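TrEMBL has this to say about the protein:
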{"type": "ACT_SITE", "residues": "B:S159", "note": "active site, nucleophile"}
{"type": "ACT_SITE", "residues": "B:D325", "note": "active site"}
{"type": "ACT_SITE", "residues": "B:H358", "note": "active site"}
{"type": "BINDING", "residues": "B:R229, B:D359", "note": "substrate binding site"}
{"type": "DOMAIN", "residues": "B:54-362", "note": "domain 'AB hydrolase-1'"}
Protein chains: 2
Amino acid sequence: MAAYMDRAQNMDEKFGLNRKVRLLGPLTLSNGAQFAPLEFAYESYGTLNEARDNAVLICHALTGDHYVASTHPLTGKPGWWTRMVGEGKPIDPAKYFILCINVLGSCMGSSGPASIDPGTDAPYGMEFPVITINDMVAAQAILLDHLGIETLAAIVGGSMGGMQALAWCTMFPHRVKSAVVIASAARHSAQNIAFHEVGRQAIMADPNWQSGGYYHGDARPSAGLAVARMAAHITYLSEAGLTEKFGRQLQDRESKSFGFDADFQVESYLRHQGISFVERFDANSYLYITRAMDYFDLAEPHGGNLAAAFHGTKTRFCFISFDTDWLYPTSESRRIVQALNAARANVSFVELPSAFGHDSFLLDNPDMNRIVAGFLEAQQ
Amino acid sequence: MAAYMDRAQNMDEKFGLNRKVRLLGPLTLSNGAQFAPLEFAYESYGTLNEARDNAVLICHALTGDHYVASTHPLTGKPGWWTRMVGEGKPIDPAKYFILCINVLGSCMGSSGPASIDPGTDAPYGMEFPVITINDMVAAQAILLDHLGIETLAAIVGGSMGGMQALAWCTMFPHRVKSAVVIASAARHSAQNIAFHEVGRQAIMADPNWQSGGYYHGDARPSAGLAVARMAAHITYLSEAGLTEKFGRQLQDRESKSFGFDADFQVESYLRHQGISFVERFDANSYLYITRAMDYFDLAEPHGGNLAAAFHGTKTRFCFISFDTDWLYPTSESRRIVQALNAARANVSFVELPSAFGHDSFLLDNPDMNRIVAGFLEAQQ
């Protein structure tokens with residue numbers, strides 16, 4: 001830990017907002033390679049207490065970022081989880097030192113394919129190593145070492161954030177007192193992989209992608225990335241939710257145009273999702289992070305025995321799934337809970353009703369908030 | 001009918017295989033325009049009896065064709081429904097005069113965007129009119145008139161074929177004695193539209209699409225069309241079916257490559273589906289036919305009252321759905337059956353178990369065959 005501190009080159013004030021840190025590492029990746037240096041962008045809220053035992057790490061999803069409760073610098077929108085994090089919210093900076101770190105491979109400040117490779121002074125592009133969820137977690141652990149945080153009061157994540165939380169609990173079980181895993185899974189299913197592969201192929205089919213080397217010019221593979229986002233976005237919503245929200249309603253017109261404009265509201269909505277996404281996200285990061293998710297399978301190193309991944313765990317677990325989530329359905333949460341039961345872990349599990357599918361964890365859901373607040377308070 | 005016969009310009013022998021017919025029309029389309037001439041490619045099996053009352057019309061799906069029980073000329077593969085159509089099969093040419101017509105808008109011989117517009121001597125491209133399922137059916141009725149077939153013993157279709165069958169029963173109720181509708185729906189849901197929109201955007205994002213005007217050069221929007229096919233293909237399979245078929249198994253390797261090759265079998269499978277599709281299908285036809293499906297809503301002209309669409313029907317109906325079909329789920333079949341019950345129609349309905357989702361209607365399913373055979377025999 002001290003070594004990291006000594007070698008750290010802080011890029012702005014420690015414990016200021018919009019923090020950036022460059023650590024020399026190196027990090028040994030899942031593919032066996034060494035990666036260095038490690039850049040981190042993160043946000044924090046609240047104060048680390050003297051015992052240094054009130055840190056809560058929030059892990060973000062595929063296209064998320066560290067602006068969990070801060071205004072996003074590109075979109076100007078409020079943080080993505082202000083319903084959960086903030087004064088008077090379940091994860092309250094008055095109680096906790098709350099951290100959210102942009103994941104390795106992303107594009108919002110932490111090392112990713114758009115970062116400058118110091119070896120070449122050019123963006124990594126596809127020379128960036130293929131990483132895993134475990135690599136993201138190992139990198140986060142290095143940053144926590146640097147910050148002098150040995151133990152997390154809690155780790156909390158939805159979707160890919162939940163995968164990181166689970167990976168933390170298997171890689172560094174002694175460092176995590178409790179874990180909240182929402183709308184997540186311990187592995188990517190064939191269908192999950194299939195949807196990601198469609199997105200990757202859409203990006204790679206865009207001539208502007210240029211084998212990932214588009215950074216030097218003005219053109220970006222925006223069309224491909226937008227299609228990838230549109231396909232993914234369908235999986236974030238439920239069929240019932242789409243019907244409730246849009247049905248077959250037409251967009252700003254009284255009858256069908258008999259053309260290929262966005263006649264239906266759902267088309268207009270999806271196009272908007274695609275177009276607005278490309279303004280804030282890097283196509284290569286999308287490739288790398290989806291790949292990391294596809295590679296995720298906690299049971300794989302244990303011959304498919306998921307319980308073995310959690311052998312001897314002392315962490316308290318809380319799982320929440322949503323009944324209309326077909327991306328990471330309740331059955332996936334149940335599978336993990338059963339494995340934790342077999343490992344004699346302390347685990348609670350609730351499936352919540354919601355019309356809105358996977359995205360429910362980002363929406364207003366008082367039950368979810370009550371469960372998370374209650375679970376975190378119970379250990380104090 | 002006679003008028004059509006007189007004006008018909010048969011392009012090869014009537015009742016020979018691989019039949020093509022050009023009829024002068026015109027056909028009044030749903031958008032109000034007149035379309036002419038009408039080219040038809042179709043296949044037939046068996047013999048029309050003297051009473052001319054043993055004709056069975058089989059309607060094909062989105063990317064299907066009229067080679068229902070004949071070798072496909074481009075792929076060399078057997079017909080797409082040889083399990084259902086043929087000697088000793090439920091739809092037997094020994095009993096029926098079986099017809100299958102390439103739909104209007106398609107690319108296997110019937111009029112579509114790749115056809116030559118006689119007004120310009122160039123392919124229609126995006127000058128081809130936006131059509132509807134009803135337009136496809138109205139065109140088929142013109143061909144049946146030409147062939148001297150007033151009444152169909154049965155109309156049978158799965159997926160978009162089922163939509164045509166339903167449209168037939170509302171547009172020409174007196175011409176259809178019985179209808180078999182498999183894995184279909186009476187309307188496209190918001191989620192159905194969303195998936196189609198992703199496919200269309202993938203095609204239109206391909207620079208080779210050139211606003212649909214790619215026919216004059218060598219380049220085709222193959223990359224975009226392949227992505228569209230990949231996205232659609234996921235919806236044809238169930239999550240359980242994908243897991244059963246592929247799970248997380250790797251493709252021809254013992255460990256992950258830490259790259260962007262097709263590491264997983266499901267990736268390799270999807271890529272193959274995309275690549276092989278572009279060899280046999282026209283991208284513009286994909287745009288037009290998906291649009292026709294999105295516009296499909298039988299209840300719309302009746303203020304949402306589906307039963308009104310079938311008022312007074314004398315047709316016998318048989319519905320089959322599959323429990324894992326999430327593209328056109330059982331609930332959509334049930335909705336139609338309830339409407340037909342309200343319209344006092346003669347209707348039977350079975351949901352069959354199958355691991356393979358929407359594609360089940362194309363696969364070996366003895367229960368489905370027994371039901372179709374029994375339903376057709378019961379009226380003889």
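Every residue gets a Cβ built from N, Cα and C, even glycine.
Those TrEMBL annotations? Automatic predictions, nothing curated.
B:H358 (active site) sits 15 Å from B:R229 (substrate binding site), counting Cα to Cα. Taking B:S159, B:R229, B:D359 as the recorded positions under consideration, the smallest Cα distance to B:D325 (active site) is found for B:D359. Contacts of B:D359 (substrate binding site) defined by a Cβ separation under 8 A and a same-chain sequence distance of 6+ are given as B:Y236, B:L237, B:G241, in order along the sequence.
Between the CA atoms of B:R229 (substrate binding site) and the residue listed as 'active site, nucleophile' there is a gap of 16 Å, rounded to the nearest whole number. In sequence order there is nothing to list: of B:S159, B:R229, B:D325, B:H358, B:D359, none of the recorded positions comes within a CB distance under 8 A of chain A.
The Cβ of the residue listed as 'active site, nucleophile' has 27 other Cβ atoms within 10 Å, all protein chains considered.
Its Cβ placed at the centre, B:R229 (substrate binding site) has 23 other Cβ atoms within 10 Å. Secondary structure at B:D325 (active site), taken from DSSP and collapsed to helix, strand or coil, is coil.
Confidence annotation: the domain 'AB hydrolase-1' (B:54-362) carries a mean pLDDT of 97 in the model.
One residue stands out among the active-site residues B:D325, B:H358 for having the most other Cβ atoms within 10 Å of its Cβ: B:D325.
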